[in-house]
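Visitor: Before we start, here is the structure in question, set down as structure tokens.
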């Protein structure tokens, strides 16, 4: 491989057993996944890999030359999750295999439970990439930070002072209820974009693309987010979606610091305990991504990489392992305390329409026959 060649970066994650409860991943699950992926490097299926964790989610980060949605790569991830699930069951871990919602692999893990973010890119002379991993929240949790990275000049100075970025970017937004998508240009359609993505439980940013004239081809994503909703697959609540994202940085794109800056504000996201509460998103190093207080607060980990000319993953650098984010963590804890004091009341608890796929309807159904008309 060399500069100018195509390479694919795949991040595929699943919750296949918590230790204990929903708090973290047992080390034996990581080792099992590493064994499966090591063999895949030896047989040439993938170029390189890293197995990360965030909360109770096992995260597979892989580079290869097989493109997005490759049955070989998705099948490999499924095998790693299946083998790790066997270990989880032997250990009696909580929710063993809970994100594997189908019995057999059918060529693509989309719609089978795991979350997927992938991009096929043309390698630049230097290719800095950040993978983001969230726990106890939903795909819409990325809306605000991705918007700020690529469309907010108060966050990203490059939008003002870098000629390569000054034209703005294109946002691919998915309506995850109607299964439709729209492409919006910024800054021209900024207000239209915000009208959609502010409703983060329905409209989610799936990809960001450069505009024509940018050094990066306009059909190559510069950011991609997993958008799988577990309840749409299972038909009931089986866990929160815990999204992942891949973001490219530098040289006509947001600088590394501009990619990380949105997370200095611990904005409110949906998820937390039983997937039913709003709470702050706390940026943490990987060793602190173990949600315990009320199964939270929700966490985000940022891993930094350089992709070598051979497609190797040079890293990771645990980017939130930095005292510069201590204030964000402290603020997140203050917000956590404030929100928890609401107990079962909104706005800490999600509104009823967002509780449809939780266990609450089963409770409310018992009261249906006891309601009577008000005269």
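The backbone N, Cα and C atoms fix where each Cβ goes, and this holds for glycine too.
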Visitor: Where Swiss-Prot shows 22, 274, 295 binding dihydroxyacetone phosphate, which of 136, 164 is named for the same site?
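Guide: As annotated by Swiss-Prot, 22, 274, 295 share the dihydroxyacetone phosphate site with 136, chosen from 136, 164.
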Visitor: 56, 57, 242 bind Mg(2+) 2 according to Swiss-Prot; which of 135, 321, 322 goes with them?
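Guide: Only hit among 135, 321, 322 in Swiss-Prot's Mg(2+) 2 site, alongside 56, 57, 242: 135.
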Visitor: Say you check the Cα of residue 57 (Mg(2+) 2 binding site) against those of the recorded positions 15, 136, 295; which is nearest?
Guide: 15
Visitor: Cα distance, residue 15 (active site, proton acceptor) to residue 241 (Mg(2+) 3 binding site), nearest Å?
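Guide: Cα-Cα, rounded: 9 Å.
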Visitor: Have a look at the binding-site residues (22, 136, 274) and report the one with the fewest Cβ neighbours inside 10 Å.
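Guide: Counting other Cβ atoms within 10 Å of each of the binding-site residues 22, 136, 274, the minimum falls on 274.
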Visitor: Can you name the recorded positions among 15, 22, 251, 274 whose CA is within 10 A of the CA of residue 56 (Mg(2+) 2 binding site)?
Guide: 15, 22
Visitor: May I ask which of the recorded positions 15, 242, 274 is closest to residue 136 (beta-D-fructose 1,6-bisphosphate binding site) if we compare their C-alpha atoms?
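Guide: So, of the listed recorded positions, the one sitting closest to residue 136 (beta-D-fructose 1,6-bisphosphate binding site) is 242.
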